[in-house]
Amino acid sequence: MGKLLVIMLVCIFMAFESLEALDYGDALNKSILFFEGQRSGKLPVNQRVLWRADSALSDGKPDNVNLIGGYYDAGDNVKFVWPMSFTTTLLSWAAIEYQNEISTVNQLGYLRSSIKWATDFILRAHTSPTTLYTQVGDGNSDHSCWERPEDMDTARTLYKINSSSPGSEAAGEAAAALASASLVFKSVDSNYSSKLLSHAKSLFEFADQYRGSYQASCPFYCSYSGYQDELLWAAAWLYIATGENKYISYVISNQDWSQAVNEFSWDNKFAGAQALLASVSIYHLYINQVLNWFDILTFDVSSIIMFVFTFGCSGGLLFTRDSSNLQYVTTAITVLFHYSKTLTQARVGSIQCGSTQFTVSQIQNFAKSQVDYIIGSNPMKMSYMVGYGNKYPTQPHHRASSLPSIKSKPEKIDCNGGYSYYNSDQPNPNVHTGAIVGGPDKSDRFSDERSDYSHAEPTTYINAAFIGPVAALIGLDSNKTSRISSPGQLAKNITNSY
């Protein structure tokens, strides 16, 4: 365990080597702006990313359903509801937990709009109590083309789960997304919030009653960790959103599902559920109703802290695997910042992990080092967020930004015609501001080549997981005594639910 402390301190030291001051407010603004560049459907009049235009306006037509809107998942033109739902849950978690911090840089309205663009689509995709559309677009044909979403002529094939072909992971995550979003809109649009919560309950019942892995129902984004994590994650969010004891009873009765893991991702939610439930247990401590199985003082720290060190770090960055590694970094620090906040609420100044003691400040500083690495404090001396700082990726693996805007070149660029741009060594003609790419390899190298999708492709869930941590740092920067010393917003939401 002592080795872990050494790794932590080395990573912090290396990541603190920076050539310029880091502006967390600017990073937050741009990370939210990114989502406007990922929009599908009819764009609103207040659209700020002007190189994009309306696209995929007939989605859902083969089944006579309206599946217009939502987000393109990454650098392609397919809409995947499972990772889109995870993205939505992460965005909502940030909006709930760091509302004050996000408001100080005037981004709360934009963040709510980003969430609503996704939740409107998820509501449309949930066409009956036991039907959820999980994908729009044929992944194979889409991935064989390089064309703007505005020009798409590949099949917009529809995929769905239902009682005879279930996918509890996708339905469970959609339930978590809508339950968490219901809290975001509770004080600003109570009718919309109630609608979200009603669908969340229905989706959870569907996921639980018709248990089956999405592994058997998916063409892409298949499940590897099973559906138990999504069911716990959804039940936790539903408890926070409703205060109904049946949801926490569900968690308690299925507590044996939970396990120590080495990632928090679109596929595996155990670490996120554990961190979320830790804050729930703090609420119970406040009202002297301690959950028998989840006392924060005896919590298995390895599930929250240790998983981020499983694979060590290189040059200061956590490293899980060499395919879009920053997705695991951003989700890990989401959990670390939330858990450090929970420890502070419990008046626990440090935690014992084997023979090593970690203080709350050490946990926060380590998480900060990861944010700083992403936006410039790294061996390459570059930001991995497009448009942030003086040096950043210029060739993201992203169709829409790598092709001329339809507004500047209205002539159609067909499936094969786009490859002349794909093979170009010139920067993308459209700067996809705020996009966080997959990141460097294990040796901190980054080639900035459009064809290197493992490192150069942005995804919605990388950006979504970054927003909470960078918002936390805005709060820590503005008040060095730290706003996390007061009871958290999640506990307040539970109280308000009764």
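The count begins at 1 with the first shown residue.
Quick reminder: no glycine exception, Cβ is built from N, Cα and C everywhere.
Here TrEMBL flags HIS397 (among others) as active site.
Summarising the annotation, TrEMBL assigns active site to ASP448 (among others).
The active site annotation in TrEMBL covers GLU457 (among others). The Cβ of GLU457 (active site) lies under 8 Å from the Cβ of ALA74, GLY75, SER324, PRO396, HIS397, HIS398, VAL437, GLY438, each on the same chain and at least six residues away in sequence.
Among the features that TrEMBL reports, compositional bias 'Basic and acidic residues' is placed at 441-453.
According to TrEMBL, the domain 'Glycoside hydrolase family 9' annotation covers 24-468.
According to TrEMBL, the region 'Disordered' annotation covers 429-453.
TrEMBL lists 1-21 with the feature signal peptide.
Note on the domain 'Glycoside hydrolase family 9' (24-468): its mean pLDDT in the predicted model is 91.
In this structure, the active-site residues HIS397, ASP448 were compared by how many other Cβ atoms lie within 10 Å of their Cβ, and the smallest count belongs to ASP448.
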